[in-house]
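Colleague: Please find one structure pasted underneath; my questions will follow.
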């Protein structure tokens with residue numbers, strides 16, 4: 001049973017999507033005015049792993065990642081560079097997509113851009129005005145926060161504390177200091193669109209509400225982003241969207257932790273701002289992915305030269321194990337009597353696979369899941385050092401375990417990109433043959449152990465007098 005930590009309720013909850021076999025997920029994309037940095041990489045690799053795991057356990061995932069391609073920051077940067085805002089944003093859209101490809105992040109199903117959804121945003125704002133949650137001024141349109149009863153629930157912020165001065169935009173035309181902009185009246189020289197509220201452009205928060213509703217509906221399963229977005233961005237999204245539809249909007253809110261550099265927050269002013277483009281020249285993308293999963297996605301992670309060296313060494317060790325398996329398969333045998341070494345590795349493989357899924361089912365806990373990966377690595381190394389002729393079935397099973405890990409974590413691509421079929425079935429047939437031999441020897445205790453072990457791996461076997469022993473895949 002999959003459980004996820006919901007920022008909204010501050011606890012782990014059983015994951016139940018609105019549609020049984022489909023997950024609708026929206027992850028806030030970048031404001032495209034600069035290069036993709038390490039913090040972005042951590043967020044999108046984390047949600048890539050979450051998406052991969054959901055797909056691995058049988059869900060169809062509909063993922064939307066937006067581009068904020070018009071914003072105060074884009075306008076300011078375009079003026080500094082002497083470029084058109086559209087030209088600037090398109091440049092960094094391409095930078096982002098290239099960086100995600102470098103990091104082996106699977107593409108989203110849809111990448112909507114704000115500038116291509118102005119009519120939907122205007123319609124969204126009109127309905128909020130109609131329902132009494134928003135009001136027009138000469139400067140644009142504002143959402144009246146006091147009209148929304150549960151404001152602050154996601155970020156655990158008290159409205160009175162907010163009014164006293166925390167991260168709000170001042171304006172003489174606001175009814176209340178905490179109200180936020182849905183539409184901004186155009187200033188001279190800025191990009192603008194016609195609207196019932198006058199020429200202008202959307203505010204930041206309304207974009208995601210309008211675009212997510214268009215592609216995922218008025219209710220969906222997962223909304224994600226960096227922890228820094230929980231307030232004010234995600235808090236304001238909730239207020240707008242629930243006010244708009246009158247329905248609960250998102251069931252599960254997931255947020256990634258911050259990336260530190262040598263114990264300090266990453267920033268240009270400190271000179272420790274690291275772009276994906278630059279770091280990819282120094283480290284293989286798989287090393288970066290492996291670095292990110294060393295910490296739980298909700299926890300902060302500290303980038304240091306020492307930590308990267310440690311990560312690189314550990315990843316190389318796993319690659320060496322996979323290579324040793326490949327080489328050892330050439331001298332392995334398909335059948336034979338198992339001794340203590342075979343049964344020990346079999347138990348390690350069975351237990352580690354179980355523990356891996358247990359960890360991933362506990363809010364995608366990659367830290368605990370990695371322990372299982374190292375247990376298998378150590379177990380395989382020890383086994384190969386003790387036997388002259390290894391069991392083909394066991395080696396195939398170990399190989400398949402690393403293939404599963406690679407598919408979920410986006411690793412080991414060099415070994416598995418040409419092999420798309422699992423070795424499970426061959427291993428199951430091998431164990432069934434071994435079990436039959438044990439039953440002939442009246443070693444029922446060990447044959448029952450194999451039967452029970454196969455069930456834990458997701459296979460049910462039946463002894464048929466006419467057809468012999470047959471097996472079928474079951475859900476575990």
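For all residues, glycine too, the Cβ spot is worked out from N, Cα and C.
Below are the features listed in Swiss-Prot for this protein:
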type: BINDING; residues: 28, 208, 233, 237; note: Zn(2+) binding site
type: BINDING; residues: 268; note: ATP binding site
type: MOTIF; residues: 30-40; note: motif ''HIGH' region'
type: MOTIF; residues: 265-269; note: motif ''KMSKS' region'
Colleague: What other residues of the same chain, not counting 28, 208, 233, 237, have a CB atom within 8 A of the CB centroid of the Zn(2+) site?
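Modeller: So the additional residues around the site are 204, 205, 207, 209, 223, 225, 229, 234, 236.
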Colleague: Could you tell me which of these binding-site residues, 28, 208, has the fewest other Cβ atoms within 10 Å of its Cβ?
Modeller: 28
Colleague: Through the lens of DSSP with three states only, how would you label residue 208 (Zn(2+) binding site)?
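Modeller: The residue in question, residue 208 (Zn(2+) binding site), is helix (DSSP, three-state).
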Colleague: Among the binding-site residues 233, 237, point out the residue whose Cβ has the most other Cβ atoms within 10 Å, with all shown protein chains included in the count.
Modeller: 237
Colleague: Please count the residues of the motif ''HIGH' region' (30-40) that DSSP assigns to helix (H, G, I), strand (E, B) and coil.
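Modeller: Taking the motif ''HIGH' region' (30-40) as a whole: 3 helix, 2 strand, 6 coil.
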Colleague: Would you mind pulling the DSSP three-state label for residue 28 (Zn(2+) binding site)?
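Modeller: Going by the DSSP assignment, residue 28 (Zn(2+) binding site) belongs to neither helix nor strand, so it counts as coil.
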Colleague: Check the motif ''HIGH' region' (30-40) for me and report the mean pLDDT.
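Modeller: The average pLDDT of the model in the motif ''HIGH' region' (30-40) works out to 96.
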